[in-house]
Amino acid sequence: MSETTSTNEHQPLNGRRAIPPNYSNDEENEVPEMEAFGLIPRGFNPRDYLRVVDIYMFKEPHEINKQEHHTDKYYNPRLIVRRGQAFQIQIDFNRPYKPESDQFWLEFLMGRYPQQNKGTYIPILVGNALKPGQWGAKIIHRENNSIRLSIMSSTSCIIGKFRLYVAVLTPYGILRTRRNSATDTYILFNPWCQLDAVYLDDEKEREEYVLNDVGVVFHGNVEDVRSRSWSYGQFEENILDACLFLMDKAELELSGRGNPIKICRVASAVINSRDDNGVIAGSWTNTYDYGVAPSAWTGSVDILLEYYSSKQPVRYGQCWVFAGVFNTFLRCLGIPARLITNYSSAHDNNANLRLDFFLDDEGKVDTRLTKDSVWNYHCWNEAWMTRPDLPVGFGGWQVVDGTPQETSDGMYRCGPASVQAIKHGHVCFQFDAPFVYAEVNGDIFYTRMEKNGTQVIENIDTTRIGQLIVTKEVGGDGMMDITEEYKFREGSDEERLALETAVMYGVKKQSAQDTTYQPQTDVDMDFQAQKAVLGNDFKVTITFRNRSRNSYTATTYISGNIVFYTGVTKKEFKKHSFSVKLEPSSSSSFDMVIRASEYMSDLLEQASFHFFVTARINETGKILAVQKAVVLEIPTLRIKTKGELVAGKETSVIVEFTNPLKQTLENVMLRLEGPGVLRTIKKQFGRIPMNSTLTWEVKFTPMRPGSRRLIASLNSDALRHVYGELNVQIQKP
């Protein structure tokens, strides 16, 4: 128990605070077994008094505490309960307890410097009745030398691991039980309790947002929504301790750990490694030396356990990895949480609700000047809580984002920002609402730079950003469209009012009136791409509609770029100009074939393209512009099981993959995991020649019955983002 030296070196006492800061849930203080009131007479024998022989915590998954507190799924031998709800323990004494003469109480302690006013030292006297939402204990059963207690915890109690002592009063001092880690008690948030800040009133939603340990990540782009499974694994062994360690790492005072707002804010910083050596190092470079490619992870467990043991950032993550791990953290502590995908997400560097794409004289995008980018999609999280720090009406879902994009109060973090406040434009309310508002509401400006430096706005696209915002549906794997929770319908009066409110509260927005902008209104241009499979040729079509009575000629320029899913260009692989004649009151279409040989050598892992098409109407000098993201179809892994699946009995699963590319895949790595079924297994395969099939058989023993999911990923030099999944039903033995 003597972990006394480390903090003293780390944090010398100063004249400002009586005791050092209390950041660590793991550190302990010495608690005396005999606390004397003064001189002890020579004849005193502690054995003459009431003495605790044993404490029974009812902590097995099938026993009353874990069943009633919905904590029976945690692979953890200690007692885990939720705050604001009664739990039971049994104390065996050396003789029958006599209430008239014996006096004992319980003590819950946390950290190195337990203090009653900080909520880290909690003495509990035994009374006659329990009050809702307040600490207390009462005897519910007495038999021989044993008593059974019902203990109520406070609804604002700190979240974490408490040490339990039983103290007995004698005339000469207090006798305490020995330090015994088997009686340690974890206390978590309680979405089932009406007085808890994270109370959620719908049982199906609680099962989804707190107890479901598998989720779905939506990716791809707005015209082509893709999904893949993610294993949250919040109940797996050591994950709860790893999540508590994150709060120690973030140096959140123990006394602040009952507040979900504080916990979310510090966690959004510690999930990424920027500026605090947090959990995951982000990388958007397509080279992932000395680490794991973001697309290869199948869940959060490996990442959290690696960080918990090494204390060093785990390489590498991108937005869905940050969001997946953050979701595990929130659900593990009992805060209802869900993973959100925003399609066409604006990363607006100066938060002016305007993304500038600069064009040169010929109408091509000037990559030197263009700093803003549109992400095909961006993932963040929502956490459910009341917001007593904001006016009434802004509780409920809050945006929190662990992906490092911009700093907030000097650190890379984002949120919690009220979804309701974002929808209504009330972006003055903390934290980071203007940034999230811009992610879902920006306008795209196409601006041409004249030789003399003036800017001419050629085109404004007001509908592309934040077109679709989704999450996994409750109780199923389908997609739930929640766009309307973030914004009113495009063009409605309410939408305009929300925008005016946001501008009033300091969101910068330049209106089109400030600049010269006269678009060409009588010609429309549209761009469509055929559904395409990775490694194949595909066709794109540009269509013009001339609604005027004039003949026009248009000089058209198409640029095809290989991009990261963040919209940042890696390489222009196709450029083509042609001139078209637009007859009055008619439409004309032009096809172009994109060949696999043009794009395969530079393709990035999410197989994303970005096409810019610009056309100058020669007669008027006006420019039409359109941009579109195209994501190729990536082949999937096939998973099947052999024989029947029974808990505790060995069985095997087979993963298959056929290489569809016209090249050999090198450095192939497969991963397979399933929460509650099997821990992650990895296997390296040297190469898979074109058109050949790889088969991998894994033997495993499922641990518990019920409906479970297996998730697999394949990663190689030329091909990434390959997934497969299988729902399995594991029978009782």
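Placement of Cβ uses the backbone N, Cα and C atoms for every residue, glycine included.
As recorded in TrEMBL, the features of this protein are as follows:
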- Cys319: active site (ACT_SITE)
- His378: active site (ACT_SITE)
- Asp401: active site (ACT_SITE)
- Asn441, Asp443, Glu490, Glu495: Ca(2+) binding site (BINDING)
- 1-11: compositional bias 'Polar residues' (COMPBIAS)
- 311-404: domain 'Transglutaminase-like' (DOMAIN)
- 1-28: region 'Disordered' (REGION)
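In this structure the C-alpha atoms belonging to Asp401 (active site) and Asp443 (Ca(2+) binding site) are separated by 22 Å. Within 8 Å of the centroid of the Cβ atoms of Asn441, Asp443, Glu490, Glu495, where the record puts Ca(2+), the same chain has further Cβ atoms from Thr462, Thr463, Ile465, Gly466, Lys487, Leu499.
For the recorded positions Asp401, Asp443, Glu490, Glu495, the greatest number of Cβ atoms within 10 Å around a candidate Cβ is found at Asp401. Of the listed recorded positions, namely Cys319, His378, Asn441, the sparsest CB environment within 10 A is found at Asn441. Note: the CA-CA distance between Glu495 (Ca(2+) binding site) and His378 (active site) rounds to 22 Å. On the backbone, the CA of His378 (active site) and the CA of Asp443 (Ca(2+) binding site) stand 17 Å apart.
Cys319 (active site) and Glu490 (Ca(2+) binding site) are 27 Å apart (CA-CA, integer value). Here Cys319 (active site) is positioned 22 angstrom away from Asp443 (Ca(2+) binding site), judged by their C-alpha atoms. When the Cα atoms are compared, Cys319 (active site) and Asn441 (Ca(2+) binding site) turn out to be 19 Å apart.
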